[in-house]
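Take a look at the structure set out below.
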Amino acid sequence: MTSFASKMFSRVDRVCRHLPVALNTFLVFSITGEVSYLVLVEAPLEADQKKTEWSSWWKMIHLLGQYFLLGNICWNALLFLRTSPSIKGVFLGGEGIGQGWRYCYTCETHTPPRCSHCYDCKVCVLRRDHHCVFFGQCVGFRNYRYFLCCLLFMWSGLLYATLMNAEVFIVILKEGVTVHSILLLLIPWIMLVSGQVSARAFAFAFIADTCVVGFLLVSAFFFFHLFLLFRGQTTREWYSSRRPYNLGLQGNLRHTLGIRWYLCWLCPLITSPLPGDGINFQVTGSLEPSRR
């Protein structure tokens, strides 16, 4: 009985770990499909412009732009998931144990500065920033570039999708701010189940709401991590108000995004080797936590 319960718990745990990734994938492709429909079918709004040459070029440019964003989101996310940030396969001997090294009793090994154990990933992670629940993996030294670039293109894509969905909000509110229109925007699920709106109206309202909420959430994450990047900090170091590894703006960008930091954000296929090894870091400040 205990063995059966253990197996069931293990299976449920694996499903729960992959659920956020599946949900994010569904939302990304749903938003892309809805915006593509808006571009191809609904826009431009004026009837005399729908079959003009200008309209065809306008649609082509929009489609190329949005699928460029989609491709970068998917490719950066894939590389993020396939790039292990852990200490597995990394020789930690180096020049010996020095200041900032700790002993991990779970992994039974000494770990370098900025490395910490993740109880979700069940391993120590080099230059660990945090465990990302949306991807089910830690953000660390080797995959931080892909995480940040994925946030950048998600932010850009959601901004674009929100602007494209502005017409949806205008259509919903064209008859004035009524109880029906407010409920459709705030709780479209209940309006659909109760039969107050059609499936088509629900789909547009739900995706428009998702774009706005997603844009606000991704904006908070993206600009917070830009703030940390410019200061040369991880999330854990920000909590303790420490900045012992700040190398200046250009040094921080180079150390985090690689030697081609000025190009690598354009496409994940652009190689940008990291100058460090994730074990040894140049100390420029106090390692002790400061008081806020």
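Just so you know, the numbers here start at 1 and follow the chain as drawn.
Any Cβ shown, glycine's included, is placed from N, Cα and C.
According to TrEMBL, the protein has these features:
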| type | residues | note |
| --- | --- | --- |
| DOMAIN | 101-240 | domain 'Palmitoyltransferase DHHC' |
| TRANSMEM | 21-40 | transmembrane segment |
| TRANSMEM | 60-81 | transmembrane segment |
| TRANSMEM | 144-163 | transmembrane segment |
| TRANSMEM | 169-190 | transmembrane segment |
| TRANSMEM | 202-230 | transmembrane segment |
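Counting same-chain residues at least six beyond the ends of the transmembrane segment (202-230), those with a Cβ under 8 angstroms from any Cβ of the stretch are 27, 30-31, 34, 129, 147-148, 151-152, 154-155, 158-159, 161-162, 165, 168-169, 172, 184-186, 188-189, 191-192, 238, 249, 252-253, 256. The helix, strand and coil residue counts that DSSP assigns across the domain 'Palmitoyltransferase DHHC' (101-240) are 80 helix, 18 strand, 42 coil. Proximity of distant same-chain residues to the transmembrane segment (169-190), defined by a Cβ-Cβ separation under 8 Å and at least 6 residues beyond the stretch ends, is recorded for 196-197, 201-202, 205-206, 208-209.
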